Amino acid sequence: MNKRELESAIVTDFSKRMSYGDYLCLDQLLDCQHPLSNPQHHDEMLFVVQHQTSELWMKLMLHELQAARILVQQDKLSHCFKILARVKQIQRLLFEQWAVLETLTPSEYVEFRDVLGNSSGFQSHQYRSIEFLLGNKNAAMLAVFSNDADKHAALKAILEAPSLYDEYLLYLSRHGLPIPQECIERDWTQPYQRNPDLLPAFKEIYDHPQKYWEAYEMAEKLVDIEESFHLWRFRHMKTVERIIGFKTGTGGSSGVSFLKKALELTFFPELLDVRTEIGA
């Protein structure tokens, strides 16, 4: 018989117990999808769920990156490795998730795009927080959140604090590696700028990985995140190109052209630059 009997020990009475749905607040979570098209367009639910689930994964990613930054401050680099490995897997999921949205055709999307108004992923507070934490800082982005005091304050705090890479460089300096002062005594609100004088420190690490094992492993974990972010940005750009072509974005950007510019941004430039020097 194609049937699995319910085991007698399985709990079924939740009148006085916390259930799966209670723990996860599923009633509230599953009541957050409110397509605005009228009559409701079938594919708008896909669009809403795609972006809401992305925000949930970004919430976890932000949680992990903030924890990693604190651990680096505390000189606990090895404790970061599992955290950053998890971040990489979250990035992989976010990358693959674009494939679901790509099932939305241009002719389908245009039928409900107007209901978005000026809302845009560019306005994602969590995404901007992640970018700032990784070092791509831009104070002008705060203006997007000028009407939300809490979000503005939270993002401003991240803007004014050292990024994860800044903390890594401070760690290397504390452990005797030749880190240029301008890399670790600077205005944290500014985006990090490539510094060729940092390469000798990274070359030392890569030439002697056993001696600097934790610093070496941390560098590779950061490169993983950098690469994954670039792949995500590229997939984002190609998905937008596939669905709306070269139309302007709902938030007012130039669309694909604006997204292409993000492909030139780097978080940890010297970790890639040093590869040319290894073995030279």
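Here the Cβ of each residue, glycine as well, is placed from N, Cα and C on the backbone.
Taken from Swiss-Prot, the feature substrate binding site applies to Phe47, Val48, Val49, Gln50, His51, Tyr109, Arg113, Thr250. Around Gln50 (substrate binding site), the same-chain residues at least 6 positions away in sequence with a Cβ under 8 Å from its Cβ are Gln97, Val100, Leu101. The secondary structure of Gln50 (substrate binding site), as reduced to three states from DSSP, is helical.
When Cβ atoms from all protein chains are considered, those within 10 Å of His236 (heme binding site) total 19, not counting its own. Under the heading heme binding site, Swiss-Prot lists His236, citing sequence analysis as support.
By neighbour count, meaning other C-beta atoms within 10 Å, the densest spot among the binding-site residues Phe47, Tyr109 is Phe47. In this structure the residues listed as binding substrate are Phe47, Val48, Val49, Gln50, His51, Tyr109, Arg113, Thr250; their two most distant Cα atoms lie 18 Å apart. Around the Cβ of Val48 (substrate binding site), the same chain contributes Gln33, His34, Pro35, each under 8 angstroms and 6 or more positions distant in sequence. When the binding-site residues His51, Arg113, Thr250 are compared by the number of other CB atoms within 10 angstroms of each CB, His51 has the fewest.
Neighbour count (other Cβ atoms within 10 Å of the Cβ, all protein chains): 15 for Val49 (substrate binding site).
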